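S.K.: When I checked TrEMBL for this same protein, it listed these features:
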- 1-181: domain 'Formyl transferase N-terminal' (DOMAIN)
- Gly11, Ser12, Asn13: N(1)-(5-phospho-beta-D-ribosyl)glycinamide binding site (BINDING)
- Arg64, Met89, Arg90, Leu91, Ile92, Asn106: (6R)-10-formyltetrahydrofolate binding site (BINDING)
- His108: active site, proton donor (ACT_SITE)
- Asp144: site 'Raises pKa of active site His' (SITE)
Amino acid sequence: MKCAVFASGNGSNFQALVEAFSNPKEGVEISFLFSDHKDAYALTRAENLGIKFFAFSPQDFKSREDYEEALVTLCQKEKVDYILLAGYMRLIYAPLLEAFPHRIINIHPSLLPAFPGRTGIEDAFKARVKETGVTVHYVNEEIDSGEILSQVKVAIEEDDDLDSLAQRIHQAEHRLYASVVRQLSQAKGSKK
């Protein structure tokens, strides 16, 4: 199963996926990384890991549709089966959703539907809830609202600060995302 990873920033989830699937026997290939930020550290990670990468910005195009059509063309040219969003901070719209129906997945740092959006960890911490977590879900045109594939809970400890909670959330993300992708690959393999 060939996967593209889209990331806008640091790329720690991207690197965790590459490392999780470094053995070809896993049946998952991280084909390339795409970033909408030409200075994203994720691109450096891709280069260091020997993974092909591409970067262009929506501002390079006349319209959002042209930008997404360029992404569709790239993913089709690279023959990817799934697109894995890993800190990709843009909404996905019709061109990509129609070209890859039920094949675009996102990871989010909260137990959705609670705390959607960019600040899920901070929002959960400030709300003083006892637990938060990580969600992997299919992507639709709305923010963090697609069908949930899997979730894992992360307790918020009495002595947690935002950084310690974020660190545990990221560790949970790395484990859960690889687990869900592995399950999708196994399901895809059993359908052949």
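Each residue, glycine too, has its Cβ placed from N, Cα and C.
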S.K.: Of Ser12, Asn13, Asn106, the binding-site residues given in the record, which has the fewest other CB atoms within 10 A of its CB?
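M.R.: Least crowded of the binding-site residues Ser12, Asn13, Asn106, by Cβ count within 10 Å, is Ser12.
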S.K.: I want to verify one value. Collapsing DSSP to three states, which class is Gly11 (N(1)-(5-phospho-beta-D-ribosyl)glycinamide binding site)?
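M.R.: In the DSSP reduction, Gly11 (N(1)-(5-phospho-beta-D-ribosyl)glycinamide binding site) maps to coil.
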S.K.: Here's one to test understanding: among the recorded positions Gly11, Asn13, His108, Asp144, whose C-alpha is closest in space to the C-alpha of Leu91 ((6R)-10-formyltetrahydrofolate binding site)?
M.R.: Asp144
S.K.: Which entry in the list of recorded positions, Arg90, His108, has its Cβ near the fewest other Cβ atoms, using 10 Å as the limit?
M.R.: Arg90
S.K.: Mind telling me which of the binding-site residues Met89, Leu91, Ile92 has the densest Cβ neighbourhood, counting other Cβ atoms within 10 Å?
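M.R.: The most densely surrounded of these binding-site residues is Ile92.
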S.K.: Using only the residues recorded as binding (6R)-10-formyltetrahydrofolate (Arg64, Met89, Arg90, Leu91, Ile92, Asn106), report the maximum Cα-Cα distance in Å, whole number please.
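M.R.: Output for (6R)-10-formyltetrahydrofolate binders Arg64, Met89, Arg90, Leu91, Ile92, Asn106: max Cα distance 20 Å.
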